[in-house]
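Noted in TrEMBL for the protein shown:
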type     : residues : note
DOMAIN   : 71-361   : domain 'G-protein coupled receptors family 1 profile'
TRANSMEM : 52-80    : transmembrane segment
TRANSMEM : 92-118   : transmembrane segment
TRANSMEM : 138-164  : transmembrane segment
TRANSMEM : 176-197  : transmembrane segment
TRANSMEM : 228-254  : transmembrane segment
TRANSMEM : 298-326  : transmembrane segment
TRANSMEM : 338-362  : transmembrane segment
């Protein structure tokens, strides 16, 4: 959604600008309809600063995206071999698939931006088409990833809070249904963007060729639906999911510390159980502390995943809040260039998180480590 804005030299197409004037900054509708240019103010960033920063971020993003694609391909292959008898494998496999898709979409968007920037003639509009085929879907899918992470964190919270009932509450079938609902609610609305925009072959007088472009559908319903979907799926849902992950992670860390303290006291006393009256954390903690060490390792892995998600998602939350609160921090505002740069910076966090998850799985899960080693060894032999 941030990628609807484009930067292009339109001096010969719209009006004569002298050499000291900054290049205009247009939106999808302005480019297609040849509407009057927007304000020429650039806010904080100049032309040179904008190009240098954006190119550096995009090249860095491409490197991280390639790492994320490779890492999540291995994650998916390992989880497929592990099977889906455990509910956590279903969630983690879906997370790996989403991370893989995010990296592919961002790679496609960045590649087309670079080709357009270096004046490579494409049979389609490099920014408008890729925004509708890549950037927009990427924005919706990042919300899906946030909610899947929130679901994984909530699932592990139940493992800590009600360990004796969690097997009945969290089943493979229930997990599959929950993940499916998350995908339908968070990602599927991106398909309806094609109600607002449609593909068409348009003659471009600037390039003097006919190219594939996107044309806005200026119906009241389409415009209203786009605004609602951006607010709900692009702002409210990600911030709500982030809050759930943050709360669940804090609860997991607190309970893990209690469990570690309890296990230490039991080990020092050479005892395997603690009576309720001897339990310093209260009688209710006795059941919580008796979770298996396997579940405890899984909880620690989820805490690590959630922590990385929180750290990488904080910049996104800041940009989303600024987008909602600040009047000029939008596609039409004075600080539209700063919005684009900020959006690209925040996009780095998603492929980075997807790249390092494989290291967490490998270090904290013995089954994953064993299957991964066998998988790599077989690949090397082939």
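Here the Cβ of each residue, glycine as well, is placed from N, Cα and C on the backbone.
Computed from a predicted structure; not experimentally measured.
The highest tally of CB pairs under 8 A with the transmembrane segment (298-326), across 92-118, 138-164, 228-254, is held by 228-254. Non-local neighbours of the transmembrane segment (52-80) in the same chain are 45, 89, 92-93, 96-97, 99-100, 102-104, 106-107, 110-111, 113-114, 117, 340-341, 344-345, 347-348, 350-352, 354-358, 361, 368, 371-372, 375; each lies 6+ residues outside the stretch with a CB under 8 Å from one of its CB atoms. Packing against the transmembrane segment (138-164) from elsewhere in the chain are residues 1-2, 87-88, 91-92, 94-95, 98-99, 101-102, 105-106, 109, 170, 175, 178-179, 182-183, 185-187, 189-190, 233-234, 237-238, 241-242, 244-245, 248-249, 251-252, 255-256, 259, 287-288, 290-291, 295, 298-299, 302-303, 305-306, 309, 313, 316, 347, 350: each is 6 or more residues past its ends and has a CB under 8 Å from a CB in it.
Sequence-distant neighbours of the transmembrane segment (176-197) (same chain, 6+ residues past either end, Cβ-Cβ under 8 Å): 28, 90-91, 94, 132, 136-137, 139-141, 143-144, 147-148, 151, 214-217, 221-223, 225-226, 229, 232-233, 237.
Looking at the domain 'G-protein coupled receptors family 1 profile' (71-361) alone, the prediction's average pLDDT is 81.
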